[in-house]
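Copied from TrEMBL, the annotated features are:
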COILED    18-45  coiled coil
REGION    412-435  region 'Disordered'
REPEAT    44-77  repeat 'TPR'
REPEAT    78-111  repeat 'TPR'
REPEAT    112-145  repeat 'TPR'
REPEAT    148-181  repeat 'TPR'
REPEAT    185-218  repeat 'TPR'
REPEAT    222-255  repeat 'TPR'
REPEAT    294-327  repeat 'TPR'
REPEAT    328-361  repeat 'TPR'
Amino acid sequence: MSAQAVNNLVQQQQVPRQVQQQQAVAQAQQQLTAQEQELKNATAETWLAIGSLAESVGDADRAAAAYDATLRHSPNSAPALTSLANLYRARDMFAKAAELYQRALTAKPDAGETWGLLGHCYLMLDDLQRAYAAYQQALYHLSNPNVPKLWHGIGILYDRYGSLEYAEEAFGRVLELDPNFEKASEIYFRLGIIYKHEGKLAQALECFRYILPNPPAPLTQPDVWFQIGAVLEQQRDYNGAKDAYQKVLEANPKHAKVLQQLGCLYSQQGSNFTDPDIALRLLSQSLEIDPSDAHTWYHLGRVHMSRGDYTSAYDAFQQAVNRDARNPTFWCSIGVLYYQISQYRDALDAYTRAIRLNPYISEVWYDLGTLYETCNNQISDALDAYKQAATLDPNNPHIQARLEQLTKFQKEGGTNGALPPPPPSQQPRLPQGML
C-alpha cells in the first residue's frame, strides 16, 4: 500500500472520531442544560412554596420576596405572577398588579379567574373600557361564571357607566348567588342609590333601612340617614325627612348639605311646618360652612322671593349663576323674578338662556308663553311656546287650559288686548323638581 493510500485511510478514520466527539460534547451540553433547567424549575417551585407558606401565615413582605425569587428562576410562572399580583392588589397598588396579571395571562390566556382579577384592577384604576373587556374574557373562559365577586365588579362597572338597569341586575345576581356575601351591605347601599335614581322609592327605602344598623365602611349611620331623608323627601313625607335629617345633624351639626336640605323643607309649601324664617337661617348656616354650593344660593333666592324680598333674591340667584352658569333652572328662576317685577325684556333674556341650555323643560316654555302674552300681547309667539310646553308635559292642566283659551281666542278672531292675562294660578312660578 502506498504512503498516499495509508494517509487517506487514516484521515477517513479520524473524521468519524471528530463527529463522535462533537456529538458527545453536544449531548453533554444538552444534558447540562436540562439539568440546569430542572434545577431552576425545582428552585422556582421551592420559592413558590416558600411564598405560599409566608402568605398563609400573613407575612406579605416575605411572600412577595419569595415570589420575586420565583420569577428570577422562572419569569413566566403564571402561579407566581398571579400570587404576586394578588399581594399588590391587596395593597391597592392596582397598576402594578394589572401589569403582573397581564404577564400571567400571556403565559396562560385561558385563566378566567385571572381575567376577573385584572378587570377589578382596571375598575379601580377607572379604566372602564379595559375593565369591561377583561370581565368579558372572564365570563368567556370561566367554566362556571356564577362567581359573586366577579358579578360584584361587573355591577360596579355598570354603575360607573350609568347603566343602572344592568348594574341592578348584576348586584341582584351577587345576592342571589351568596346572600351572605362579604360586601352585601355595600351592595344594598348601591342598590338603594340606584332605586332612588330610578324612582323606585319604596325599594330604595327598604335597602337603606336594612343596612342602617350596620352600614358598610367607610359609611356611617348619619350617611344612611341622609339617604333615607332624601328618599322620604321625594315621597313627600316631609316630617319623616325632617326627622332623618335631624339625626344627621345630631352627629354633625355642621353638615352643609343637610342644613341645605332642611332649609328647603322649611320653605316647602306642602309641609305642615313651613317657616321661611327658619329656612332662611338654615340656608345661611349652610353657606357659612360651604359658600361655594350654587344650589344653596339658589334655594336662598327662592326663600327671599317667597318673602317678597326681590333685591335679596336677585343677589342670591346671581351668586348661584356665578358658580354654575350652565344650570337652566337658575336662569328660569331669574326669569320668573324679572317677570314678577315687570322687567319683561330681562325676563326674556333669562328664559332664552335657560332654553339654550336645555330646550326640554316644559316650565320654561310655559313661562315664556306667559311672557309673550304679557309683553305686547304676542299671541302667535305665546301659542308656539305653549304648544312646545304641552308636547313636553302633555298632562299638565295649567298648560292645557291656557293653550285651549288662546287657541279659542285666536279662532274667534280676537283682537289684541281683548284676552285677559293669565290668572295667578297660571302665571310663572318658581320651577319645581328641576334640580
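Just so you know, glycine gets a Cβ as well, placed from its N, Cα and C.
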Same-chain residues at least 6 beyond the ends of the repeat 'TPR' (78-111) with CB under 8 Å of its CB atoms are 44, 47-48, 51-52, 55, 60, 63-64, 67-68, 70-71, 117-118, 120-122, 124-125, 141
What residues in the same chain, six or more past the boundaries of the repeat 'TPR' (148-181), come closer than 8 Å to it by Cβ-Cβ distance? 116, 119-120, 123, 126, 128, 131-132, 135, 138-139, 142, 187, 190-191, 194-195, 197-198
Folded-back contacts onto the repeat 'TPR' (222-255), same chain, C-beta under 8 angstroms, at least six residues removed: 189, 192-193, 196, 201, 204-205, 208-209, 211-212, 215, 261-262, 265, 268, 270-273, 289
